[in-house]
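Listed in TrEMBL for this protein:
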DOMAIN    B:10-181  domain 'Glycerol-3-phosphate dehydrogenase NAD-dependent N-terminal'
BINDING   B:Gly15, B:Ser16, B:Gly17, B:Asn18, B:Trp19, B:Gly20, B:Phe109, B:Ala165, B:Arg281, B:Lys310, B:Gln312  NAD(+) binding site
BINDING   B:Lys132, B:Arg281, B:Asn282  substrate binding site
DOMAIN    B:206-353  domain 'Glycerol-3-phosphate dehydrogenase NAD-dependent C-terminal'
ACT_SITE  B:Lys217  active site, proton acceptor
Number of protein chains: 2
Amino acid sequence: MRNSSKEKYKVAVLGSGNWGSVAAKLIASNTLRNNDFHGEVRMWVHDEILPSGEKLSTVINQTNVNVKYLPGVKLGKNVVADPDLDSSVGKIFAVRDANMLVFVTPHQFVDDVCKRLVGKIPGDVEAISLIKGMEVKVEGPRMISSVISEHLGVDCCVLMGANIAHEIAEEKFSEATIGYRVNTEAAKRWARLFSTPYFAVTAVQDVEGVEVCGTLKNVVAIAAGFVDGLNMGMNTKAAIIRIGLNEMRAFSKRLFPSVKDDTFFESCGVADLIATCFGGRNRKVAEAFAINGGQRAFKELEEEMLKGQKLQGVLTAEEVYGVLQKNKWLDLFPLFRTIHEICTGNRPVSAIISCNEPQLA
Amino acid sequence: MRNSSKEKYKVAVLGSGNWGSVAAKLIASNTLRNNDFHGEVRMWVHDEILPSGEKLSTVINQTNVNVKYLPGVKLGKNVVADPDLDSSVGKIFAVRDANMLVFVTPHQFVDDVCKRLVGKIPGDVEAISLIKGMEVKVEGPRMISSVISEHLGVDCCVLMGANIAHEIAEEKFSEATIGYRVNTEAAKRWARLFSTPYFAVTAVQDVEGVEVCGTLKNVVAIAAGFVDGLNMGMNTKAAIIRIGLNEMRAFSKRLFPSVKDDTFFESCGVADLIATCFGGRNRKVAEAFAINGGQRAFKELEEEMLKGQKLQGVLTAEEVYGVLQKNKWLDLFPLFRTIHEICTGNRPVSAIISCNEPQLA
C-alpha cells in the first residue's frame with residue numbers, strides 16, 4: 001500500500017483545455033503544500049502549433065501559462081506540460097509513475113486516450129473524470145466514469161458542479177461535488193487534492209447521480225432559454241427550473257435506482273443547474289431559437305453562434321426522448337418530452353409552458 | 001357535512017393589496033365555472049379615500065379593477081369589494097356565510113383581523129394564509145397559520161411559491177405550493193380553488209415546511225444581493241443559493257422535526273428561492289449595501305430605496321441569529337450567521353464568501 005510505504009501520490013492531468021488548465025492550477029497549488037503528494041503535476045497536452053510557430057506545450061513550460069486556452073493565468077511552476085501521453089520510446093511521459101489520473105479531455109477523445117493507456121498503468125491507479133458528456137442511450141446510459149473504469153480496470157470518481165472555468169481561474173468562490181462508488185479514502189484524497197479556500201469540494205457516495213446531473217442540466221437549460229426568449233418572467237423561469245430539477249431526479253433514479261435525493265442539493269445538482277440556466281450557451285442559443293419563433297432551426301443557430309459545434313443540451317434531449325419513448329415514460333416526463341418536441345420543430349416554443357397542467361392533490 | 005347537503009363553498013378574501021387582488025382574480029375565475037363554489041367572491045377592502053375623493057371599494061365595484069394596488073387588471077365581475085369585514089349592524093359583510101377564508105393582509109394586521117372575527121365565524125370554516133412574515137423568535141417560531149388557527153379555532157393551510165404578483169396577473173405561468181396539516185380533502189379543495197392553466201398548485205402535507213420557506217428565503221436573498229454587489233460571478237451566486245437552501249432545510253427541521261426534504265423541491269422551496277435571489281427587493285437593497293462597501297447602513301438604504309419600509313430579510317436574519325445564539329447553533333449555520341453579522345456592520349461584506357471553508361469528506 002502506498003500509504004504505509006509513505007510513497008507519495010503523483011498526479012497527471014490528462015487534458016489541457018480551459019477546464020483542464022484550471023484543474024491543473026487548483027491541483028498544483030495543493031501538491032506544493034501537501035506532503036502526501038508529489039509537488040510536480042504533469043499535464044498532458046494534445047500538442048498543437050501556435051500562430052507563432054511554437055508548440056503549445058513548449059510555451060506553457062516557458063511561460064507557465066496556457067496561452068491558448070487559459071491566457072493570462074499562471075498555472076503554478078510545478079505544472080509541467082507534457083505532449084507525450086504514454087510514450088513507449090521516451091523515458092518521460094505524462095502518466096509515468098502517476099497514480100492519480102485526472103481525465104479532463106473533450107468527451108469524444110476519452111475512448112482513444114483510454115485505449116492508449118491500456119497496459120501502461122498499474123491497477124491501483126485512481127482516476128477521476130471531470131468530463132461532461134455522458135450519453136443517455138436507449139441501449140443503456142454510457143457514463144464517462146464507467147468507460148474509464150472498464151478500459152483501465154481502475155476505480156473512477158467524478159467531479160462536477162457549478163464550475164464556470166474562468167471564474168475559478170480568477171479565484172472566485174465556487175463549490176464542486178465528487179461522486180464516488182465505494183472507496184471513501186480515495187474520495188477524501190481527491191477532495192484534498194482539489195479543495196482550496198475558494199474551491200469547496202464535498203464528496204458523496206453517488207457516482208451515477210453526480211455524473212447524470214452534469215448531463216441532464218443541459219436539457220433543462222434549453223427550457224430555461226425558451227422561457228427567456230418568450231419573455232415569461234421570473235415565476236415561469238423558476239417553475240421551469242424546479243420542474244426540470246425534479247425530472248432530472250426522477251429520470252436519474254429510473255436509470256440508476258441507487259441515486260440519492262441528497263445529491264440534488266449538492267453543487268452538482270441545484271447549483272450547477274442554476275448556473276447553467278442563467279448563464280451558458282445552451283440557454284443562450286435556446287433563447288435565440290425562441291426569439292425567432294422556432295423559424296430558425298437549431299442547426300442554423302449552432303452554425304452561426306457556435307461555429308457549427310453541436311449544442312449538448314439538444315443532443316441529450318434527443319437521447320433522453322429515445323429512452324422515454326422506448327420505456328413508455330413519455331407522460332411521466334412532460335418537460336423533457338416537450339423540450340425535444342420543440343427542438344425538432346414538432347411543437348411551438350410556447351408549448352414549454354403548457355406542458356405542465358395543474359397538479360391537483 | 002356541507003358536501004353531503006350539497007351546500008356550496010363560499011369564499012371570502014381578506015385583504016385587497018397587490019397579492020390579495022391577484023388571488024381574488026384567480027379564485028373568481030374558478031368559482032364561476034366550478035359548481036362546488038358560490039360564484040360570488042367577497043374581497044374585504046380596508047377602505048381608503050382615493051385622490052379622486054372616491055372610496056377604493058366603490059371604485060373596485062364600479063370598474064372591477066383595484067385601481068390602486070393592481071391597476072389595469074380586471075378581477076372578474078363576480079369579485080365584490082366589501083369594506084365591512086364583520087359588521088354587527090349591516091346585513092351584508094365580507095365574511096358573512098363564508099366557509100373558506102383566504103388571509104392575505106399585511107402580516108402586521110393578522111392579529112387584529114382575527115380578533116375582530118372571533119365568535120363571528122363557525123368552527124367548520126376553513127382558512128388559508130397567503131401571508132409571508134412568519135416570525136422566528138427565540139421564544140419559539142410564530143407561524144401566521146398558527147396565529148389564525150389559535151384565534152379562530154379553525155384549520156389553516158398556507159399557500160406559498162415563486163409568485164411575483166404582477167406576473168400572475170398577466171397570466172404568465174407560475175406554480176405554488178399548498179401546505180396542509182391533516183385535512184387532505186380541504187387541501188384538495190384549496191388547490192381546486194386556486195389552480196388555473198397558468199397557476200399550477202401542488203399540495204404537500206407539511207404546513208411548517210412551506211411557511212418557513214416563505215420566510216427564510218428572504219435571508220438567503222440578502223446573501224445573493226451581497227454576491228451580486230461584490231460582482232463575484234455565477235459560480236459563487238449558485239453556491240450561495242445552494243448553501244442557503246441547505247441551511248433553510250436544516251434550520252426548518254430543527255424548528256419543526258416534521259419538516260420534509262421533499263418540500264424544498266416544491267415551488268415554495270427551490271423555485272421561490274431562485275425567484276427571490278434573482279429578483280426582489282431584498283436582493284436589490286443588499287446589492288446596494290455591498291456596492292457601498294457596507295459604508296451605508298441598511299437603515300439608510302431602506303429609507304432611500306423603500307421609503308423607510310424595513311427589509312424583511314434583514315429582520316428575519318436578526319431573528320434567526322437570536323435563535324442560533326440561544327441554541328448554540330452558530331457554527332452549524334455559517335451562512336445565516338454571517339449574513340446577520342454583515343448586516344449589522346460587524347463583518348465586511350466579503351465575509352459572505354469566506355464563511356464556508358472547504359468541507360473535506
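Glycine is no exception: its Cβ is also placed from the backbone N, Cα and C atoms.
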What is the maximum Cα to Cα distance, in Å and rounded to a whole number, among the residues B:Lys132, B:Arg281, B:Asn282 annotated as binding substrate?
14
Extent of the NAD(+) binding site in Å [max Cα distance among B:Gly15, B:Ser16, B:Gly17, B:Asn18, B:Trp19, B:Gly20, B:Phe109, B:Ala165, B:Arg281, B:Lys310, B:Gln312]:
22
Can you tell which of the recorded positions B:Lys132, B:Lys217, B:Asn282 lies nearest to B:Gln312 (NAD(+) binding site) in space, using Cα positions?
B:Asn282
How big is the gap, in Å, between the Cα of B:Arg281 (NAD(+) binding site) and that of B:Lys217 (active site, proton acceptor), rounded to a whole number?
12
According to DSSP, collapsed to three classes, what secondary structure does B:Gly15 (NAD(+) binding site) have?
coil
Residue, out of the binding-site residues B:Trp19, B:Phe109, whose Cβ gathers the largest set of other Cβ atoms within 10 Å:
B:Trp19
What other residues of this chain sit with their CB within 8 A of the center of the CB atoms of B:Lys132, B:Arg281, B:Asn282, the recorded substrate site?
B:Asn218, B:Ala221, B:Thr276, B:Gly280, B:Leu311, B:Gln312, B:Gly313
Cβ neighbours within 10 Å, counted over all protein chains: which one of the binding-site residues B:Asn282, B:Gln312 has the most?
B:Asn282
Using Cα positions only, nearest of the recorded positions to B:Phe109 (NAD(+) binding site) (B:Lys132, B:Lys217, B:Asn282):
B:Lys132
Those residues of the chain, 6+ apart, with a Cβ under 8 Å from that of B:Gly17 (NAD(+) binding site):
B:Tyr69, B:Val104, B:Thr105, B:Pro106
